[in-house]
Amino acid sequence: METITKILNGSGIAQTIRARLKTQIARGPKKPGLAVILVGQDPASKIYVDFKTKASREVGMYLETYHFEENIKEKKLLKLIDKLNKNKKIHGILVQLPLPSHIEDLSVLQRVDPRKDVDGFHPENVGLLAMGYPRFISATPKGIMHLLDHTNIDLVGKEVVVIGASNIVGKPLVQLLLDEEATVTVCHEKTQNLKVHTEHADIIIVAAGVPKLLTADMVKKGVVVIDVGINKVDGAVVGDVDFEKVKERASYITPVPGGVGPMTVAMLLENTWEAMCAIEGYRPSVI
């Protein structure tokens, strides 16, 4: 029997979320304020920041952007964060990662007021997530969970393989999946035989940064595949999955681009809206 694959269009779902946020912001007591900090000239980081700033303006948020040269002193960066923590117009602070090697990520991330940590990277927020009481969920894992929810698949007891164990995607995602009572296996660059883990999985989420890492012979028919990877191959943007061949076996699959990426941006905006509501003591009506 032929498997009918459904493409999980993150762009379409994200657009619906952004439209809802635009309406909520227009009705709200105050514009949510987002501060975005970019250090250096990393091309991918600049693209991500452009997406985030454009989307935040489109939904009506107040925006401040800061772009520093790579040689900025850590002390200067921390001083800016202290200033933004006190700024009543700013409800969310986003430090675009990665930072240059002379700046310690943890020093910067834990300097952000946890109530304004819309990326969910402050140790306090990481701990709350691990305990099952999240204040903010990192935008990419939150977007992935939203996509899975959109498929109406019950995660309880499902075999889920997460490929990639980063602090940004893999680790928080595992916690969210466990909270939904999925059976989770984590694979990473030291995993010996990836296929042994993937071939029986009901759901595979790939966030490794390796083009065509997941191939058709590694998955069972009817699998759900979420591709988080963003790679450039011969000038084209591709994911971590051999999309054309894997989609022949999958029940659902996300494209790259247009899958997880737009959801990440939408979830960042949602987190900023929620931060404003919490800080200002505002309870929005349900739309």
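Cβ atoms are placed via backbone N, Cα and C, with glycine included.
TrEMBL labels come from automatic prediction, so no person has curated them.
Over in TrEMBL, the protein carries these features:
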type	residues	note
DOMAIN	8-119	domain 'Tetrahydrofolate dehydrogenase/cyclohydrolase catalytic'
DOMAIN	138-277	domain 'Tetrahydrofolate dehydrogenase/cyclohydrolase NAD(P)-binding'
BINDING	Gly164, Ala165, Ser166, Ile230	NADP(+) binding site
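Structural mapping of features recorded in TrEMBL.
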{"residue": "Gly164", "record": "NADP(+) binding site", "Cβ neighbours (10 Å)": "23"}
{"residue": "Ala165", "record": "NADP(+) binding site", "Cβ neighbours (10 Å)": "18"}
{"residue": "Ser166", "record": "NADP(+) binding site", "Cβ neighbours (10 Å)": "16"}
{"residue": "Ile230", "record": "NADP(+) binding site", "Cβ neighbours (10 Å)": "19"}
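According to DSSP, the domain 'Tetrahydrofolate dehydrogenase/cyclohydrolase catalytic' (8-119) comprises 55 helix, 18 strand, 39 coil. The domain 'Tetrahydrofolate dehydrogenase/cyclohydrolase catalytic' (8-119) scores a mean pLDDT of 96 in the predicted structure. Classification of Ala165 (NADP(+) binding site) by DSSP places it in coil, neither helical nor stranded. Spanning the residues Gly164, Ala165, Ser166, Ile230 that the record associates with binding NADP(+), the maximal Cα-Cα distance equals 16 Å. Taking H, G and I as helix, E and B as strand and the rest as coil, DSSP gives the domain 'Tetrahydrofolate dehydrogenase/cyclohydrolase NAD(P)-binding' (138-277) the counts 52 helix, 31 strand, 57 coil.
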